[in-house]
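Structure first, then comments.
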Amino acid sequence: MTAAPDARTTAVMSAPLAEVDPDIAELLAKELGRQRDTLEMIASENFAPRAVLQAQGSVLTNKYAEGLPGRRYYGGCEHVDVVENLARDRAKALFGAEFANVQPHSGAQANAAVLHALMSPGERLLGLDLANGGHLTHGMRLNFSGKLYENGFYGVDPATHLIDMDAVRATALEFRPKVIIAGWSAYPRVLDFAAFRSIADEVGAKLLVDMAHFAGLVAAGLHPSPVPHADVVSTTVHKTLGGGRSGLIVGKQQYAKAINSAVFPGQQGGPLMHVIAGKAVALKIAATPEFADRQRRTLSGARIIADRLMAPDVAKAGVSVVSGGTDVHLVLVDLRDSPLDGQAAEDLLHEVGITVNRNAVPNDPRPPMVTSGLRIGTPALATRGFGDTEFTEVADIIATALATGSSVDVSALKDRATRLARAFPLYDGLEEWSLVGR
């Protein structure tokens, strides 16, 4: 006779979050309210679809699966093998790549694995200077990339704020790096991947492109693809790609074995199979016409904001746009001639219901926790459904706040921002999905 289940165990396994941990449930509900009622304009953030949230909150959370499909160190992987193969196949198809590894937990982990595969400690790495828009993992001295490797940097022209490929070539010829990274965290222009490839070939370097910020634009065919030019390409899945927070790697087949080994066991243990399921869903969505339309609105919105922030009334207040515009999903705002610094401007926009992040501008005189700039992005609002009309309104709210400064009517601007947010409901019915504990 089968014993009755232990009531204590079954109660915990079936009880909702609000009952098990009301503190966390309340905080999730508050965060949902914040996301719904404010305008999210941090360039590295987006909203994952319901299907991705469901995949990432699924029973795959329970499964350990060290290794690769068909070559696991654990039993019971027959279903997660199919999940991972789907994710890999979709990544290869979406970006036209020869191989894909979908196990990196983040973009930083992806970069760490690629560098581990392509370089040895002490060898030379050339990347975009953090102060000019580069990423921590491109050689910043406190990051693993700055500690394990000898680092050189290229930057932007001090007048145009554009990357000068002749200057990159000169730096590479002098520094002779083992790997060149082309990519950025805060640079509003398209990179010349063919020129980077030519320079890498000339100095005998491997080329890694970090497309974490613009991968969604590449997937939609609205941004040049780095895949034909790079040896390896890394990305996150949660920025313009609009999936869950995670990373992936694509590239040439000749590097697959080294990179697979660098991810596991080199950098990570077991992959997060629930997250990989979410990646598979996001990659499927990224191949749809709806996704391409969203990316078009993302680009258009960024250009609308850049144009408004270059208008005479804003320029008169000492506000300018780095490089004079944007080719991508973000606008980098220069406040060096404004009464506002980056921290003050971020706080002001937060008060009116718009979330952005302060960001260094090229050759910024202020410390990193203050900065002289803002980074403003459009992916999350495009995901909500914003088009040119709504982005024009958002641009005017931002322009009014930055041009007026401390004397701005915060209440009036917040009313405008809140009306816009509520006109495009976010996660309608999420409470009923049992994903916020209510």
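Using the three backbone atoms N, Cα and C, a Cβ is placed for every residue, glycine included.
Features as listed in Swiss-Prot:
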- Leu130, Gly134, His135, Leu136: (6S)-5,6,7,8-tetrahydrofolate binding site (BINDING)
- His238: site 'Plays an important role in substrate specificity' (SITE)
- Lys239: N6-(pyridoxal phosphate)lysine (MOD_RES)
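Apart from Leu130, Gly134, His135, Leu136, the (6S)-5,6,7,8-tetrahydrofolate site neighbourhood in this chain, defined by C-beta within 8 angstroms of the site C-beta centre, holds Gly127, Leu128, Asp129, Gly133, Thr137, His138, Gly139, Met140, Asn143, Ser185.
With respect to their backbone Cα atoms, Gly134 ((6S)-5,6,7,8-tetrahydrofolate binding site) and the residue listed as 'N6-(pyridoxal phosphate)lysine' stand 16 Å from each other.
When the Cα atoms are compared, the residue listed as 'N6-(pyridoxal phosphate)lysine' and Leu130 ((6S)-5,6,7,8-tetrahydrofolate binding site) turn out to be 19 Å apart. The recorded positions considered are His135, His238, Lys239; of these, His135 has the fewest other C-beta atoms within 10 angstroms of its C-beta. Spacing of Leu130 ((6S)-5,6,7,8-tetrahydrofolate binding site) relative to His238 (site 'Plays an important role in substrate specificity') is 21 Å (Cα to Cα, whole number). In this structure, Gly134 ((6S)-5,6,7,8-tetrahydrofolate binding site) belongs to neither helix nor strand by DSSP; it is coil.
Between the candidate binding-site residues, Leu130, Leu136, the densest Cβ environment within 10 Å is the one around Leu130. In this structure, the CA atom of His135 ((6S)-5,6,7,8-tetrahydrofolate binding site) is 16 Å away from the CA atom of His238 (site 'Plays an important role in substrate specificity'). Taking the C-alpha positions, the distance from Leu136 ((6S)-5,6,7,8-tetrahydrofolate binding site) to His238 (site 'Plays an important role in substrate specificity') comes to 18 Å. Its own atom aside, the Cβ of Gly134 ((6S)-5,6,7,8-tetrahydrofolate binding site) has 23 Cβ atoms within 10 angstroms in the protein chains shown.
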